[in-house]
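Asks: Following this message is one structure expressed as structure tokens.
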Amino acid sequence: MIKSALLVLEDGTQFHGRAIGATGSAVGEVVFNTSMTGYQEILTDPSYSRQIVTLTYPHIGNVGTNDADEESSQVHAQGLVIRDLPLIASNFRNTEDLSSYLKRHNIVAIADIDTRKLTRLLREKGAQNGCIIAGDNPDAALALEKARAFPGLNGMDLAKEVTTAEPYSWTQGSWTLTGGLPEAKKEDELPYHVVAYDFGAKRNILRMLVDRGCRLTIVPAQTSAEDVLKMNPDGIFLSNGPGDPAPCDYAITAIQKFLETDIPVFGICLGHQLLALASGAKTVKMKFGHHGGNHPVKDVEKNVVMITAQNHGFAVDEATLPANLRVTHKSLFDGTLQGIHRTDKPAFSFQGHPEASPGPHDAAPLFDHFIALIEQYRKTAK
């Protein structure tokens, strides 16, 4: 039986469609993502916590879902908005169709709406709070009330909500077409000990670090610098994550203490913003953020352009950078800051997602730079 669904934005705009997920309601910030593939990775990316994701590509669900493509242990997106759900999921790796997957994870989703109109609206007016109601006779007045009651992501610390409860180790490398997901590597195969802060870490980021010889100890977001330094790491990684970086004072304080040492530090996405804040810069909320797999970014030092995956609603304000932070990357879409490097410490960060899950691998050499800094640190400091 086909059930109705309704998406209402805080400005009162309504989109009527059909429910393809769980019955109920979902409230969050409505954003759009321009990736053509990777919907399962997007849904399970912790960076989408408290957000309703609109996918601009018209056909979503073609290849079904599977366990190997999940970026975390659960779906973090608050809700999903798509144009069309194919009748058949066809792929040799498919184990469950998208609609069943959404229902199993209790995710409210809507299909058969004009996603182009919605995307234009979000682009022109900026990201808006919204509410999806799925079920019999969805109440538009109730949906509008819920949308307007949502406080928004400004000032919202979500990293401590999505982080791991306990530290754990990670030694599994990347998926391959012929072998699938590999077995965990032995410790003697991984010469570098890296402590990774989990602010909402994606599995593929961890796998790409393991591919380069890193034995990872994943720690909760609120782990103190003292506890991490006792682990005697070769490097410290600051993961991606959701929400506003400014309220994460616990992380900023820890990073400032790391910067008093010579241990290499590498940040991605939220980790990039936190490194900037710890260095004295400021962050700003973007109009509608960057969400997609085709964003051109210029490496200003090498004068080359890379196509990157992006997923962030906040950015580092370049005008606030202190003298000891140099700009390494800038967005060619809007000129926003994409990369920084400390001039006095082996610490750097990148706003996009170089692990590219989903997306291109142009920025993957950033991981190699991290390893080079680790090797230099081991030679001089250990």
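Note that Cβ sites are derived from N, Cα and C of the backbone, with glycine treated the same way.
Keep in mind that this is a model prediction, so the values were computed, not measured.
Pulled from Swiss-Prot, these are the listed features:
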ACT_SITE  CYS269  active site, nucleophile
ACT_SITE  HIS353  active site
ACT_SITE  GLU355  active site
BINDING   SER47, GLY241, GLY243, LEU270, GLN273, ASN311, GLY313, PHE314  L-glutamine binding site
DOMAIN    193-380  domain 'Glutamine amidotransferase type-1'
REGION    1-189  region 'CPSase'
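For the listed features, I'd like the structural context: burial, neighbours, distances.
Replies: Over all protein chains present, the Cβ of CYS269 (active site, nucleophile) has 31 other Cβ atoms lying within 10 Å.
Reduced to three states, the DSSP call for HIS353 (active site) is coil.
Listed in sequence order, LYS202, ASN204, ILE205, ARG207, MET208, ILE268, ALA309, ALA364 are the same-chain residues six or more apart from GLU355 (active site) with CB atoms under 8 A from its CB.
A sphere of 10 angstroms centred on the C-beta of GLN273 (L-glutamine binding site) encloses 32 other C-beta atoms.
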Asks: Any idea of the Cα spread of the L-glutamine site, SER47, GLY241, GLY243, LEU270, GLN273, ASN311, GLY313, PHE314, as a max distance in Å?
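Replies: Farthest Cα pair among residues binding L-glutamine: 13 Å.
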Asks: Could you round the CA separation between HIS353 (active site) and LEU270 (L-glutamine binding site) to a whole angstrom and send it over?
Replies: 10
Asks: I'm checking region-level scores; what's the whole-number mean pLDDT for the domain 'Glutamine amidotransferase type-1' (193-380)?
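Replies: In the predicted model, the domain 'Glutamine amidotransferase type-1' (193-380) has a mean pLDDT of 96.
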Asks: Within the chain of PHE314 (L-glutamine binding site), which residues six or more apart in sequence place their C-beta under 8 angstroms from its C-beta?
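Replies: PHE314 (L-glutamine binding site) has long-range Cβ partners ASP244, PRO245, GLN273, THR283, VAL284, LYS285, MET286, GLY289.
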Asks: Write down the Cα-Cα distance for CYS269 (active site, nucleophile) and SER47 (L-glutamine binding site), rounded and given in Å.
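Replies: Per the Cα atoms, SER47 (L-glutamine binding site) and CYS269 (active site, nucleophile) stand 9 Å apart.
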